[in-house]
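Listed in TrEMBL for this protein:
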SIGNAL    1-25  signal peptide
DOMAIN    48-100  domain 'Trichome birefringence-like N-terminal'
DOMAIN    101-366  domain 'Trichome birefringence-like C-terminal'
Amino acid sequence: MRRAIAIAHIILLSVLFASFHEALCESTLLTRRTRRKTTPPSKASSISCDFFHGNWVYDDSYPLYDSSSCPFIDPEFDCQKYGRPDKLYLKYKWQPTACELPRFDGKDFLTRWRGKKMMFVGDSISYNQWQSLLCMLHSAVPDSKISIDKKDPLSSVTFVDFAVSIMFYRSPYLVDISTESIGRVLDLDSISSSSIWINSDLLIFNTWHWWIHKGAASQGWDYIQDGEKVLKDMDRLEAFSKGLTTWAKWVESTVNTTATKVFFQGISPVHYQGQDWGEPGVKDCGKQTEPVSGSTNPGGALPQQGVVSNVLNSITKRVYLLDITFLSQLRKDAHPSSFSGGHTGLDCSHWCLAGLPDTWNQILYASLI
């Protein structure tokens with residue numbers, strides 16, 4: 001009898017030990033998983049939560065501000081003022097697949113960046129995002145004193161109560177265009193404007209749209225200088241890669257990224273061909289009122305995204321990618337189209353405000369906090 005009881009005790013202790021060991025292993029595994037999620041990575045495209053893949057969902061609490069109350073919106077982005085009849089495009093929130101995107105808190109943003117300078121550098125898409133951020137901040141602190149200095153190429157808005165300056169520097173190619181005896185020359189190896197950028201605490205760069213403009217009036221230059229060669233034209237994707245590489249070398253050699261945070265805004269897509277969003281019979285964004293449904297983009301990735309990825313991966317310093325391409329490809333409905341006060345024809349390149357660029361800035365905010 002005693003022998004049987006002893007055996008039973010041994011069996012019971014074995015079961016308890018096995019259960020304890022299993023629980024301990026599971027606890028250790030969960031701890032490791034948690035640590036992996038909270039370890040800050042080097043690129044914004046892999047910040048613990050992937051903010052860049054998901055789908056658009058209806059949310060009646062949107063938009064984040066009333067465009068009629070924002071004093072910063074240029075006519076080309078002010079779709080409601082210039083007659084856009086529908087409002088459904090204003091009511092969509094970006095929902096990442098794996099987590100929640102924090103709601104933008106403008107007062108918190110200004111408090112965190114008190115006494116700092118931030119600058120958007122790039123083309124009119126950067127200008128679009130700059131004005132979006134200004135509207136989002138103004139909506140949060142509508143009674144804050146504001147100082148405005150708008151010039152070309154540098155414009156600045158300062159929220160005086162917080163001593164925060166938010167600037168836009170117009171540089172469509174990032175690299176230089178110089179005036180020579182033969183005409184205007186796009187120099188793929190020169191980036192002299194960078195002396196103005198370097199004193200900012202936060203830099204958000206963008207370039208692409210102008211690289212595919214054709215014709216001297218539209219593209220803004222007459223020749224391209226590539227090293228020792230002066231060319232009338234060249235493959236635009238190759239030129240983009242070389243120009244962006246010059247910018248990357250400047251970041252690598254000049255920017256102290258422990259003091260200045262550097263972001264590159266991903267490629268902003270256009271919607272001039274319905275085949276890009278799975279409707280081959282549609283020729284432009286003119287009558288679009290809803291996003292592409294689901295979390296798959298029928299048009300696929302863009303070649304210029306590969307260039308951006310390769311160039312950013314060549315930088316050893318910490319540079320963050322705001323990889324807004326995919327989520328923007330789904331927003332065929334978010335362009336001014338014909339409801340623009342400063343753009344002739346149909347605009348399926350820029351974005352209405354309020355609208356899509358507000359989500360870009362939400363992700364910027366989430367990345368910073």
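Cβ from N, Cα, C; glycine included.
TrEMBL: automatically predicted annotations, no manual curation.
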In the domain 'Trichome birefringence-like N-terminal' (48-100), averaged pLDDT is 95
Across the domain 'Trichome birefringence-like N-terminal' (48-100), DSSP yields 10 helix, 10 strand, 33 coil
